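Feature annotations, reproduced from Swiss-Prot:
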BINDING   D45, D84, E114  Mg(2+) binding site
BINDING   D45, S46, D84, K112  3-methyl-2-oxobutanoate binding site
ACT_SITE  E181  active site, proton acceptor
Amino acid sequence: MKKVTVSGLLKKKQAGEKITSLTAYDASFAKMFDEQGVDALLIGDSLGMVLQGEDDTLPVTIDDIAYHTKSVRRGTERAFVLADMPFMSYATPEQTYANAAKLMAAGASMVKMEGGSWLCDTIKGLNLRGVPVCGHLGLTPQSVHVFGGFKVQGREASQAEKLLSEAKALEEAGIQLLVLECVPSSLGKAVSEALTIPVIGIGAGKDTDGQILVMHDMFGISANYMPKFSKNYLVETGDMRKAVSKYIEDVQSGAFPSPEHSFQ
């Protein structure tokens, strides 16, 4: 199979083809997802919750992400690999460049950062140093204490307008992908249509350019909790590989996410 690149993901958007993505944290699952045809794999700071048992993503370190990025890269031949910049790992320019370099050296093809237009100068600096950037707007888990919990964002007209404005600013600054999390479906559609870069949704409705799920949610192995925007594909198919294949099929056909997995 041909190796997935950021330009290839852009071509998918331009052709109206949905992008499929999952989180991955080790070589074995990365290999499985890669072989099934998932377009992009994210080493997410969600590992703090699903692997380390934390209540949120804040304790995750850059070394944690680098370790798992190395593992995922070893299991991946064709999928595009993104790695999260964890909480407070990009507080200053010097810190940002050093930490991004660590993730790229570990095997990432792009780093993902949570935040709005305040990141624009940082994004420009990373691009100048050869580091591609993915943005992340909507519910940004590193800001959970600012939001007062894991809540849907952008329901108020003023919030939606601000988010759309920030998405445009991030694109202008140089991001090449955007993850949009937990926003009303109408806002997910508006952002995707307003940007030329691919928008990957998680709880952002079916009209984004692609979808991403946390693998533990897709397999139904997150302890006692299933987010509204997720679907347990393992219980439906009874086999991990079939679950991944069904997820890809549903995203590409537009069957997932359905209204029950979306916010209004």
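Every residue, even glycine, has its Cβ placed from backbone N, Cα and C.
Taking the C-alpha positions, the distance from D45 (Mg(2+) binding site) to K112 (3-methyl-2-oxobutanoate binding site) comes to 10 Å. Every protein chain shown contributes to the tally, and the Cβ of D45 (Mg(2+) binding site) ends up with 29 other Cβ atoms within 10 Å. On a Cα basis, K112 (3-methyl-2-oxobutanoate binding site) lies 5 Å away from D84 (Mg(2+) binding site).
When the Cα atoms are compared, E181 (active site, proton acceptor) and E114 (Mg(2+) binding site) turn out to be 11 Å apart. When other Cβ atoms within 10 Å of the Cβ of S46 (3-methyl-2-oxobutanoate binding site) are tallied across all protein chains shown, the result is 22. There are 24 other CB atoms within 10 A of the CB of K112 (3-methyl-2-oxobutanoate binding site), with all protein chains counted.
Cβ-based neighbour count (10 Å, all protein chains) for D84 (Mg(2+) binding site) stands at 32.
The residue listed as 'active site, proton acceptor' has a Cβ environment of 22 other Cβ atoms inside 10 Å.
For E114 (Mg(2+) binding site), other Cβ atoms within 10 Å of its Cβ number 23. Here the Cα atom of E114 (Mg(2+) binding site) is found 13 Å from that of S46 (3-methyl-2-oxobutanoate binding site).
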